[in-house]
């Protein structure tokens, strides 16, 4: 009979009289145990051997268990120390000191002391029960037995020791192989091993020799070398996903300057020039260059009029100064709504007629200190819808649809205030793991004071949120600096779960 | 977001509603006040949006809740008694703070909590409408400590024997007074250098005259900096004198109204004050008398169909009127005989404490809040549009895909960096020749020396990532398609913004060949032609650096990174790299 090498070796090593464990066969054949096991089962299928499996439980001491086996259980040591002192009750500190208990051992001793009936712990003192017999402590005895490799104590005691983290129990399958009658016959008739090859080569393929060879079995379960390879940045992945969703919802992407005039960033948004956000130090004003060269003249005066006088017959303006020089100042945009104002004004891609939907997922800047939840630069998701008539309900419906794509349902709308939208809403969603209600965006219908100067004669609703916030929600990242920036940890990026 | 501290017990007392804390938190959320936590005194810390500044005190929040609960309806304007006191404004007032307003409030019931609430309201108004006291500052005084008589007045007959205080100017080293929280008499100039509050607000005054308010006994208020101790308000104070100064009359009048409503809710009776601007006074009211507080209401016309289109629901006129009244507005139907719904409109009266109603749209928001926005049924807008990505964004994504396929780990680094990292650590100079040189846009006021400019090229960022990850497994093959900028007069913003493509290979055997091989795969994948003529670049080893020339145009650099640059980044591994303009692949 011709058998593959491993099977032939196992067959020869097995005995008809004794059940030989796999380990012994492995040692004898010089094959890995898993190869021997595989071969044994294949031989069993041919009817040449009988494989018997037996579940075997083994118990080993943990490091802590080992120490207690050596030094005694903390509660036993406490009892003995307290007994050894000439008082009852004994001050707890004294007993602990004498028992030599340290660190977590103290709590362990105290929590087991009363349970085992060694006495009582009460307001800083220890009493001892004279009838207690620590020598027969079942847990201590079990530890000793395990150390000595003696018969296992009762399951109940083992369960307790396992709960205390003193032992580890594991189950393994012990297999033995015995030759069957057919196996004995086969051996007597003679068994040859078939040759095996390690690596499939071009030569084997070209010559056709591959038909006659046996391929040696690999340990296919063994760990393989780590390959990181290339991958898209995890935050970029989330960004691409957002773009996919928005394009799917009919939104078209905007593009425009990062360094822009305050006019486009704030004035066109009907933000008064003395609004705290505009004078606040978190604005990334540019020192050099400091001003934009050109602003559309007619638009500048319409915007100024809206700020000063409001729009419409019953409109009021702000009681704030307005200065074109201030509007010309350059800054890194604090929000990407500057793209929206540019697009709405018609200066970017010409006049936009309703209906229209536009978006961007681009960087905005905030001059702040960098920490685990704040970046100086972050991606803002910005989206707006233009139509002849839009209501708060349309806005809510759009956001429900958008956030549902990211598994965020049950959005709550908190009425809010923005200078450029009315009604305005902060959007809240439930964190998928903590269940906490967290802010996930800001939205509203643009005001007449913003739209009229820009020449828009229909309704526009808009919203924005930070991509990083969405990504922290969907990836579970806790430090935003891992997600974005030069301080990135390559291991975090390599191991981050793919989002799609 | 700013926060305001509100005692839930005081809210319950002022509204007369025994709502539990959780219920109260929900009711406040519906008003737009988000519960942030509790203070040590077990007060609610609420985040407020800076529109409803009338809700910066427990009195104002209670008023809004009473409307929400339906216990109050329509516009409420407290009664005022005729003026007894006069504030004279003379020509000595500093030009940059010409306006003053005020009120007298009698019979106020001030316990510790009420006093704290009024002080908080003052502070929050200073921080918001008052723009850090620059635009408007409030001073509240114990009226009984003031002595006003005609003797003070320059024109006795004009004041009809009524008590008068005078808003004027004082020299920095002029009259001394004892400011709050102090025991010594100081000149205004000394207050600015010796008193902590004075130091805080010193920037708000200047020149040779500071704002000052006098009564018969002398200087008692140094706005916008500090009040005198003589007129300090305590829980024993019953009659109060409120004065506000600022750069805009409307702003201080509105702040005054909000304070008056709060004091009125504490049992106070409002009494008017005459503000007499002298002929030579500054500002737009010179020569005129104003009677304050200005509790006049405003009217706006609101079209019915606009309410329906913004809220997306159908409403009957009675519902609109009801919702308006529950929002604290008076709403009356314009022309009852109108049949056509599209012509239906309302005349809406707005209470004087509202500073946020600039347009009828704001009234629709009020009506929506009274209706309950969360009761609206969301609907997906029945509007069809075609979506798509910007060409530049598609190109970026395609290049990234190609780079990742070549085994690069895609990076997303900061656009902001320092000159040190961008130039010095790369051995180049901003006004030099090599790729990456150029004047970077510079940030005005920076927090950190690490973020002072916008980057001109990407390789410094990628090298920084290497520097931060020397404990991580190699190879580290990193790439980025990212934003760069430099100063350029040819652009209207004076900033040329462009995207670059950069890649580097960091491993024990990294060499020029590794960078060039990957570079040429990317460039050729986009159907472009690549040449790499030798070039010198200080960031790279001489003889192992080349210009990246795509379709005949020089757009980048490729080479083995110079050991000096490698060592400057604390690396012990060779690096080969390339970077070029994304637009070359268009």
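Each residue, glycine too, has its Cβ placed from N, Cα and C.
Marked as domain 'Aminoacyl-transfer RNA synthetases class-II family profile' by TrEMBL: A:242-488.
Residues near residue A:380 (L-phenylalanine binding site) in space but far in sequence (CB under 8 A, at least 6 apart, same chain), listed by position: A:335, A:336, A:360, A:361, A:362, A:363, A:364, A:464, A:465, A:466, A:467. Taken residue by residue with DSSP, residue A:380 (L-phenylalanine binding site) is part of a strand. Summarising the annotation, TrEMBL assigns L-phenylalanine binding site to A:337, A:380, A:381, A:382, A:420, A:446.
According to TrEMBL, the feature Mg(2+) binding site maps to A:422. Residue environment of residue A:422 (Mg(2+) binding site) contains 28 other Cβ atoms, counted within 10 Å of its Cβ in all protein chains. Residue A:422 (Mg(2+) binding site) falls within a strand segment according to DSSP.
Chain B has a C-beta under 8 angstroms from the C-beta of A:422, taken from the binding-site residues A:337, A:380, A:381, A:420, A:422, A:446.
Counted over all residue pairs in A:337, A:380, A:381, A:382, A:420, A:446, the record's binders of L-phenylalanine, the longest Cα to Cα distance measures 18 angstrom. Across the fold, the C-alpha of residue A:422 (Mg(2+) binding site) and the C-alpha of residue A:446 (L-phenylalanine binding site) stand 6 Å from each other. In the predicted model, the domain 'Aminoacyl-transfer RNA synthetases class-II family profile' (A:242-488) shows an average pLDDT of 91. According to its DSSP assignment, residue A:337 (L-phenylalanine binding site) is helical. When each of the binding-site residues A:420, A:446 is scored by how many other Cβ atoms sit within 10 Å of its Cβ, A:420 comes out lowest. Sequence-distant contacts of residue A:381 (L-phenylalanine binding site), defined by Cβ-Cβ distance under 8 angstroms and a gap of at least six in the same chain, are A:242, A:359, A:360, A:361, A:441, A:464, A:465, A:466, A:467, A:470. For the binding-site residues A:337, A:382, the ranking by surrounding Cβ atoms (within 10 Å, all protein chains) places A:337 first.
According to its DSSP assignment, residue A:446 (L-phenylalanine binding site) is in a strand.
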